[in-house]
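Lifted from Swiss-Prot, the feature list:
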COMPBIAS  53-69  compositional bias 'Low complexity'
COMPBIAS  85-99  compositional bias 'Low complexity'
CARBOHYD  N175  N-linked glycosylation site
CARBOHYD  N180  N-linked glycosylation site
CARBOHYD  N516  N-linked glycosylation site
REGION    38-109  region 'Disordered'
REGION    338-367  region 'Disordered'
TOPO_DOM  1-141  topological domain 'Cytoplasmic'
TOPO_DOM  163-180  topological domain 'Extracellular'
TOPO_DOM  202-215  topological domain 'Cytoplasmic'
TOPO_DOM  237-240  topological domain 'Extracellular'
TOPO_DOM  262-268  topological domain 'Cytoplasmic'
TOPO_DOM  290-296  topological domain 'Extracellular'
TOPO_DOM  318-485  topological domain 'Cytoplasmic'
TOPO_DOM  507-519  topological domain 'Extracellular'
TOPO_DOM  541-565  topological domain 'Cytoplasmic'
TOPO_DOM  587-590  topological domain 'Extracellular'
TOPO_DOM  612-626  topological domain 'Cytoplasmic'
TOPO_DOM  648-653  topological domain 'Extracellular'
TOPO_DOM  675-697  topological domain 'Cytoplasmic'
TRANSMEM  142-162  transmembrane segment
TRANSMEM  181-201  transmembrane segment
TRANSMEM  216-236  transmembrane segment
TRANSMEM  241-261  transmembrane segment
TRANSMEM  269-289  transmembrane segment
TRANSMEM  297-317  transmembrane segment
TRANSMEM  486-506  transmembrane segment
TRANSMEM  520-540  transmembrane segment
TRANSMEM  566-586  transmembrane segment
TRANSMEM  591-611  transmembrane segment
TRANSMEM  627-647  transmembrane segment
TRANSMEM  654-674  transmembrane segment
Amino acid sequence: MSHSPNLSPQISNDIIDADTTSLASTETQQNIQHSQIHPIGHHGREQSEEPQNTTKTTTTTTNKIHTTTPSVDPDLGPLRELEQDLSSLESQQEQYLSQKPTSTSIKTNKVPLRERRGLLAQIVLIPEYEDARDYPNKIKYLIVFIIAFASLAGPFGTSVMLPAIDDIVNDLNTNVSTVNVSVGIYLLSLGIFPLWWSSFSERFGRRSVYMVSFTLFVAFSIGTALSPNIAALIVLRVLQGGSSASVQAVGAGTIADLFIPQERGQAMGLYYLGPLAGPFLAPILGGAVSQAWGWRATQWLLMIISACSFVLITFFLPETLRRVDTIQVAKDLMKKSDNNGSQNEKIHDDFAGADNSSVHDIDGNPIPGTELHQVVSNLSRRSSNARSIVTYMEEQENEGPIIDPVMPSISRLTTNRSAYSQRIHQNYVTDELRKTTSNLTQSNHSQYNNNNNNDNDKWSSVKTNCYDLIIRPLHSIILLKHPPVVLVISFSAISFAAIYFFNMAISYEYARSPYNFSSVILGLMYIPNSVTYFMASIIGGKWNDRLLNRYAQKHGELVPESRLSWNIVVAIILYPMACLIFGWTIKYREFWVIPLIGTALFGFASMLVIGATVTYLVDSLPGKGATGVALNNLIRQILAAIATFIVEPLLRAIGAGVLFSIIAGILLVSSLVLLYLKKRGAFFREHYDVMDLYAKL
């Protein structure tokens, strides 16, 4: 029996057969082979199973397709390209999952001298690598030391002037309240400017941002040391704080460039020694140099620290931002498939409107139109799964360590394995796919309509870049619409502001009768609370993780509220005790050691609370933890700046006893927020769609 003739060679070649599904584009494979890929955990493996099964379904169906007449002649070229690209992405996933979790699993490739990136890159003694994770461990930890030392400067500048406030008042012929403005405005700069430095580093690279910012830091420190009046001092302190804030934002990104997630914990701990040592050393060294050479010596000391950092960065810090990114290759594949989206929809419609009787299997039997739809539907499913692969790869590879840029880092336990986080992340992936498809479709139409108007395109590009660099970093404020975020940040900010009430009161009260301590001794008064900061950061971090793990063992999942337990109760009890001890003993001029008991207790309590709230914030914003921490830093630095502005007038007006009794009451009342979150956190997560806020970032 003779069979009906097949489609023309052109059409037959366009049909997706079994061989095509196993092939990937040569160029993509080469990119994958030269890129470093690391395992993404069990989520990625779950995602990998479905595309493979779908491929088999597609192959079985498409092997049967033959037709009797060329009445349906759709252009299947885009479908074939999409099939190849998706197969390439699946092959990439297999390599991703099969890699051993080490950051040196691929042979290193040094960048030629002339192709190095960043300012003055040719004079760096350490060569740039295609992928910074290929550096030997000795080089990696040298870079960690450099950025840790550089990160000391910003927090150091917040407290270095505190022992010398009276000297500044006398030298610049001003008053204590005005000098406190220079301290508060510096804090404000530390909170605001990191939003932009981080954006700049992604656009221009880490090295260039470090070099520009520390060049400015050196210059503004010299200017501050030479300030002729209080107005110049305040203006220069704003610029000084803003330039020093770069490493607070970019340092975490550098750690992420150098280490895969499995290796970042130890590096993160070493890196954070710098920001933590700053507030501890600043009052001691500041008091010593101001006692010997006056308050201007504190700014020369800052200049020396920043200049040393600049030298280390210039000669020993190569660009670490990755040059070849496998994830970007995968994104390009998905963008390519989206560009063909309208053509694929046309093919789908053509199949839907075709005469089903004209389509036969290999035995000449008609194939229902639903099977043709299944072919196209399977491709759509594979595309969706491939997008999920890209999402998980990007999250695992690019998400840097989450840190609190002023206070000690508390161990962060990723909650992607909890049922809640899986549900949240899946919703986020779906929303992002829908948004990306819409944006790409609009972009394609816009490009087609304006391809003859280059001037408009250039102007539009400039406006887009300016918006992304200047305005978009402020979008993180939108997260304050999410109740858990605004509640936890409000309490964290109040607790942080209270720290500066203590710090400013120490320098004010101990410099007066009957104590009359010198600048050197004033600096030593900050040791008790600094020591308890270290203690609480160690104890609180382990306590935090123990609470989380105990809840997970009992209930089978990780929830953010499990971090808010007896650690918070201890802090709530210590807060009013510390405030009352310090406030009333310093008011009645008790023996100088007694008020320091209050500062030590407060330091321990505040670190327990701040550590727990920061980790709760990160866990409540899966995939956006860094954005949440930056927002938290912004709000609390604003409140800390306000505290430095008003503390001295309040001490003179109502006295330390009444002031710190009020602070104790505010802390006690605001701590009810944490108890409320403990009870209602799950309700907020279930009834408020944080994904809508993510889409606006």
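Every residue, even glycine, has its Cβ placed from backbone N, Cα and C.
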Out of N175, N180, N516, give me whichever of these glycosylation sites has the highest number of other Cβ atoms within 10 Å. N180
Sorry to bug you, but what's the C-alpha spacing from N516 (N-linked glycosylation site) to N175 (N-linked glycosylation site), rounded to the closest Å? 18
Short question: most Cβ pairs under 8 Å with the transmembrane segment (297-317), which of 142-162, 216-236, 591-611? 142-162
Express the distance between the Cα positions of N180 (N-linked glycosylation site) and N516 (N-linked glycosylation site) as a whole number of Å. 19
Which numbers of helix, strand and coil residues does DSSP report for the topological domain 'Cytoplasmic' (202-215)? 13 helix, 0 strand, 1 coil
In the same chain, who gets a Cβ under 8 Å from the topological domain 'Extracellular' (163-180) while lying at least 6 residues past its ends? 227, 229-230, 233-234, 283, 286-287, 290-291, 294-296, 298, 504, 507-508, 511, 519-520, 522-523, 644-645, 647-649
Cβ under 8 Å, sequence separation of at least 6 from the ends of the transmembrane segment (216-236): give me the contacting residues as numbers and ranges. 153, 168, 172, 174, 178-179, 181-182, 185, 243-244, 296, 299-300, 302-303, 306-307, 309-310
Between the stretches 142-162, 241-261, 520-540, 591-611, which one has more Cβ pairs under 8 Å with the transmembrane segment (269-289) than any other? 142-162
Under 8 Å, at least three CB pairs between the transmembrane segment (627-647) and the transmembrane segment (142-162) (pairs 6 or more apart)? no
Name the range, of those listed as 142-162, 181-201, 241-261, 520-540, that has the largest tally of Cβ pairs under 8 Å with the transmembrane segment (591-611). 520-540
Tertiary contacts of the transmembrane segment (181-201) (same chain, 6+ residues out, Cβ under 8 Å): 154-155, 157-158, 161-162, 168, 209, 213, 230, 233-234, 237-246, 248-250, 253, 321, 405-406, 468-470, 472-474, 476, 500, 504, 630, 633-638, 640-645
DSSP state at N516 (N-linked glycosylation site), helix/strand/coil: coil
Does DSSP put N180 (N-linked glycosylation site) in a helix, in a strand, or in coil? helix
